[in-house]
Amino acid sequence: MGDDRLTIAGTTFDSRLIMGTGGAPSLDVLERALVASGTQLTTVAMRRIDPTVHGSVLSVLDGLGIRVLPNTAGCFTAGEAVLTARLAREALGTDWVKLEVVADERTLLPDPVELLDAAETLVDDGFTVLPYTNDDPVLARRLEEAGCAAIMPLGSPIGSGLGIRNPHNFQLIVEQARVPVILDAGAGTASDAALAMELGCAAVMLASAVTRAQEPVLMAEAMRHAVEAGRLAHRAGRIPRRHFAHASSPAEGRAALDPERPAF
Amino acid sequence: MSRSTSDVLVIGGGIIGLVTAWRAAQRGLRTAVADPEPGGGAARVAAGMLAAVTELHYGEETLLGLNVASAERYPAFVAELEEATGLDVGFRTSGTLAVALDADDRAHLRELHALQRRCGLASEWLTGRECRRLEPMLAPCVRGGLRVDGDHQVDPRRLSAALVLACERAGVVFHRARADRLSVVRGRAAGAVLADGAEPAADQVVLAAGSMSGRLDGVPDGALPPVRPVKGQVLRLAVPGAYAPFLSRSVRAVVRGSHVYLVPRENGELVVGATSEEMGWDTTVTAGGVYELLRDAHELVPGITELPLTETRAGLRPGSPDNAPLLGPSALPGLHLATGHYRNGVLLTPVTGDVMAAVLTTGELPEVARAFTPARFAPVGVS
């Protein structure tokens, strides 16, 4: 199999599944789902928790030895996002941030202008920036040029479970990127995660698909397998699509049936 | 330094501590409660929905059993409490309507309906038009809803006041000071050290301090309940006479993933809640919290913007890892727990009182509460 680990900004991970905690029905279910997912990196919304308090989500992550990736969910301007990232750095002692700047509450789609602005500011300030972005190859390139450590395009809107709506754009983004491309948002079930990996994504990030499933722990395990299977399939190389059948067993040497006496 | 001795000392005089003390005193136990402000706590903020059916969540079927058992006890519990005190606790059997505002919410509510039916609960599906005929103030965009006539409401503030009076009349002694430390004598809970220097002693101690239960000094690590504060901001509006009844039952919805509810009281109060935030012991009311509640409530019932906003407040739910309470004996002999009720403290008040009285007199958890033993969180030696 060889060494096939995920590397982001010089840090390596055995798991290519990044989890979010939003929507979990209870801390207990969240903990078991995180264990089942095998994740080593999990994102937490900094505007919804107080990082100095024990017994909450951060304690669960700490107990499991999972690295925390603070995010700026809920920010609508570059200014808010930069402030939130700086508060997170101070509170958690990490300069990694999953940068989210959304345009409106109905779609939660990224605001590309504010996003690029915030990304440039945070990179200048020494942050390792992982931006949640539209599936736009041009914006992805601009974010990479600005110094982002990964590109996290959406498959479809946050929490929608609609999967990857534009796989072709994902291919374009993956082909040009020299930093990891990570599916962020939209995965609804295991096949969505597998498809992202088959398209060449370096990792999959998801929350709702697991936390809002009827059985979150089972779905977390499904996602772990899906990411692993998709990654292996990508490395193995799929066969070309053909219009007509191509027999998988050779025809030579088969017993010839007597045409006068059918066997059945 | 004063010493007094009782059979039972209850640490925490919120509704859970009070109902425990009342029931214990009724069983003939000499009972004391330590709390700087009996009748305070999260119930000062809570809306008082008794929503065993509409608050059903996947994976919480065990908790459902306890919630339903408590809901069934409510009418007799209220009758007994009102008889004992002469106070009205605002118990109202007007039911609940859970509605969907768009196609996505509707699909989510359909799933909840299917789960309710699998669990054998009474719940009726209504079209949007039928919902609005029941509650004409609902927004025209309502796409459908669940009518649950069995999910009632009570006024938690009046319930707390009645429980304080019932305790006093049953002979419960109140120590009006915060418990700073649990006293442990020869490996057994023996009372508490209070902020005013008093050291009430007791044969059995019940820790019922809500979200503060997880941080009482003196409790050994293995007995300390895994309870954390989960902040909820709640608004109170007033319905002027000319607008009455405005809403005639509790109305709730999921608006873009956040839960919002409106609980109308007979006295004209309209409670709008609640946020859910992991912010430690912070009880600040924020602009964003008020905005989000009003925004979502306005989407659900546009007419609320005409009503006076009379109060904004934040409280702390005692959250446990599995959202269910911790009831009964802890790992420390003599120390019992009645905490971790999270979203369901008001609903679970009657059954908690009965269960804790049984624990204090027999030492055993009754069948209905066996699944809620604190022992379910005991470390199993695996990291």
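Glycine is no exception: its Cβ is also placed from the backbone N, Cα and C atoms.
Values in this document were obtained by computation on a predicted structure and should not be read as measured data.
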Range annotated as region 'Disordered' in TrEMBL, from A:55-75, A:97-117, A:244-264: A:244-264
Annotated companion of A:A185, A:G186, A:A207, A:S208 at the 1-deoxy-D-xylulose 5-phosphate site, TrEMBL, chosen from A:G159, A:G200, A:G230: A:G159
Most distant Cα pair in Å, residues A:G159, A:A185, A:G186, A:A207, A:S208 binding 1-deoxy-D-xylulose 5-phosphate: 9
Confidence summary for the domain 'Thiazole synthase ThiG' (A:7-250), mean pLDDT rounded: 93
Where A:A207 (1-deoxy-D-xylulose 5-phosphate binding site) falls in three-state DSSP terms: coil
Nonlocal neighbours by CB distance (under 8 Å) for A:A207 (1-deoxy-D-xylulose 5-phosphate binding site), same chain, sequence gap 6 or more: A:M19, A:G20, A:T21, A:G22, A:G23, A:T43
Intermolecular Cβ proximity, binding-site residues A:G159, A:A185, A:G186, A:A207, A:S208 versus chain B, under 8 Å: A:G159
Binding-site residues: A:G159, A:G186 - member with fewest neighbouring CB atoms within 10 Å: A:G159
Output field, 1-deoxy-D-xylulose 5-phosphate shell: CB within 8 Å of site CB centroid, site A:G159, A:A185, A:G186, A:A207, A:S208 dropped: A:G20, A:P157, A:I158, A:S160, A:G161, A:A187, A:L206, A:A209
From binding-site residues A:G159, A:A185, A:G186, A:S208, the one whose Cα lies nearest A:K98 (active site, schiff-base intermediate with DXP): A:A185
